[in-house]
Amino acid sequence: MTKLLEINHIQTLCFAKGFSPARLNVATSPFRISRRGGGGYCSNACIPYRLKFTCYATLSAVVKEQASDFSGKEAALLVDELRSNFNSGRTKSYEWRISQLQNIARMIDEKEKCITEALYQDLSKPELEAFLAEISNTKSSCMLAIKELKNWMAPETVKTSVTTFPSSAQIVSEPLGVVLVISAWNFPFLLSVEPVIGAIAAGNAVVLKPSEIAPAASSLLAKLFSEYLDNTTIRVIEGGVPETTALLDQKWDKIFFTGGARVARIIMAAAARNLTPVVLELGGKCPALVDSDVNLQVAARRIIAGKWACNSGQACIGVDYVITTKDFASKLIDALKTELETFFGQNALESKDLSRIVNSFHFKRLESMLKENGVANKIVHGGRITEDKLKISPTILLDVPEASSMMQEEIFGPLLPIITVQKIEDGFQVIRSKPKPLAAYLFTNNKELEKQFVQDVSAGGITINDTVLHVTVKDLPFGGVGESGIGAYHGKFSYETFSHKKGVLYRSFSGDADLRYPPYTPKKKMVLKALLSSNIFAAILAFFGFSKDS
């Protein structure tokens with residue numbers, strides 16, 4: 001079958017093999033990428049696509065993806081197969097769960113180099129960033145699940161009430177069934193495998209749909225999952241919109257989606273048809289409020305780490321904008337400039353430690369933000385672009401118009417607007433004027449301001465005096481609130497999001513009181529009222545026909 005790939009997919013795919021995606025003629029789609037006198041084959045196992053390339057500025061082409069047909073019928077058969085295997089009880093045992101988790105850990109250890117290469121092909125992600133942000137985080141989550149799985153699976157004993165005496169009660173976790181994980185392109189390994197770890201630990205059958213915009217990672221995940229995991233209950237489906245649509249038309253026991261709000265609405269609408277519960281890991285405009293009493297160098301370094309050293313700003317928890325006072329702004333900007341040069345050199349566009357923009361579409365989106373009326377003249381640092389390499393230098397802007405798209409939309413790139421206020425407390429109103437973000441950051445030594453920030457700022461998560469690190473704490477839930485998402489995961493929260501907590505009450509055949517059965521009499525009512533009010537003395541009096549007032 002010839003699959004028509006999205007333009008973004010093709011552009012990303014071309015760049016992964018060293019061909020400039022910036023000159024693609026997007027006016028014609030589908031299109032053929034051709035060259036006089038021959039073609040080329042992407043032999044890398046991570047990207048199984050046959051392409052023909054060109055030397056010309058204007059290109060047109062069809063890309064043939066070497067993949068099997070995947071229609072609604074195939075999707076239905078897949079879900080039926082996985083549900084049958086789930087219903088057999090195969091995934092519910094501790095032995096199956098632990099073996100699959102151990103296989104994931106082994107996969108990460110044995111294929112770390114392949115994973116790193118795929119992340120570089122898709123995003124030019126530096127090796128150390130790939131290890132810290134994706135590989136080590138995923139391995140850590142897997143090892144925690146292996147260590148704690150027996151404890152997580154154990155029933156939780158809870159208290160019973162006097163009305164059920166004698167009895168005992170437990171909360172028993174059970175797997176939901178067959179679940180769908182749809183992941184994002186910006187951290188394509190972490191955001192694919194981490195929720196799958198939770199789904200497996202909870203005993204589910206799972207289908208992973210990786211993002212087609214990160215084709216090298218998508219192809220690698222399909223290859224590795226088929227090699228390391230139980231394919232009768234764990235599958236990867238590659239593809240774009242048609243494949244995702246076919247999957248969403250099926251009945252799932254849960255859908256876990258990481259991505260943007262626009263697609264999330266489509267996911268929710270599809271899930272509503274079958275009353276399927278969803279987890280939506282989205283994003284938003286994550287603010288960093290910077291007080292004037294901070295260690296300026298440390299604050300600047302940590303803001304950079306949570307912006308440009310975090311996939312070049314293409315992160316849902318990355319710093320989207322900074323708020324500080326008018327008097328302090330120039331000092332903060334100078335500190336950021338100094339540390340940016342230390343991190344990325346005088347020409348950041350040539351730095352190997354700065355990821356590229358994922359594809360031409362997102363590059364153009366960011367470029368248009370910079371060129372918007374009233375924005376370009378607000379640049380105080382950076383603003384350099386290189387379209388052929390899909391790179392934008394770390395860019396700082398001061399007091400861009402509130403009505404600009406840069407302040408109304410999630411930036412998701414290396415542009416950092418700084419908004420100034422008279423008093424640092426005025427920053428709270430700026431944050432509250434926007435939808436609730438996935439993360440919010442505060443830099444201060446003022447404990448009262450810190451307390452107020454935690455109490456008054458509604459966000460998925462908060463880090464004080466740093467950025468993004470809260471997501472590495474596995475005992476903290478990671479998820480959004482409001483428009484930044486629904487539900488949470490990481491650590492035990494991943495296990496719980498893919499589990500149903502079933503309440504179970506155990507009773508014997510003894511202690512069968514007549515009080516609960518007809519005929520209902522005034523005496524029974526007196527005794528039951530006393531019992532339900534936990535007044536044992538009154539219950540005894542009522543049992544013998546006396547009221548507590550007699």
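Using N, Cα and C of the backbone, Cβ positions are placed for all residues, glycine too.
What Swiss-Prot says about this protein:
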type	residues	note
TRANSIT	1-59	transit peptide
SITE	N186	site 'Transition state stabilizer'
BINDING	G259, G260, A261, R262, V263, A264	NAD(+) binding site
ACT_SITE	E281	active site, proton acceptor
ACT_SITE	C316	active site, nucleophile
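Sequence features annotated in Swiss-Prot and their locations in the structure.
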| residue | record | Cβ within 10 Å |
| --- | --- | --- |
| N186 | site 'Transition state stabilizer' | 29 |
| G259 | NAD(+) binding site | 21 |
| G260 | NAD(+) binding site | 15 |
| A261 | NAD(+) binding site | 15 |
| R262 | NAD(+) binding site | 8 |
| V263 | NAD(+) binding site | 17 |
| A264 | NAD(+) binding site | 22 |
| E281 | active site, proton acceptor | 25 |
| C316 | active site, nucleophile | 29 |
Compare the C-alpha of V263 (NAD(+) binding site) with the C-alpha of each of the recorded positions N186, E281, C316, and give the closest one. E281
C316 (active site, nucleophile) to A264 (NAD(+) binding site) - Cα separation in whole Å: 14
If you take the centroid of the Cβ atoms of G259, G260, A261, R262, V263, A264, the listed NAD(+) site, which other residues of that chain have their Cβ within 8 Å of it? F257, R265, I266, I267, L282
What three-state secondary structure does DSSP assign to A264 (NAD(+) binding site)? helix
In whole Å, how far is E281 (active site, proton acceptor) from A261 (NAD(+) binding site) when you measure between their Cα atoms? 9
Whole-number Å only: compute the distance from the Cα of N186 (site 'Transition state stabilizer') to the Cα of G259 (NAD(+) binding site). 9
Could you round the CA separation between E281 (active site, proton acceptor) and A264 (NAD(+) binding site) to a whole angstrom and send it over? 9
Reduced to three states, what secondary structure does DSSP give E281 (active site, proton acceptor)? strand
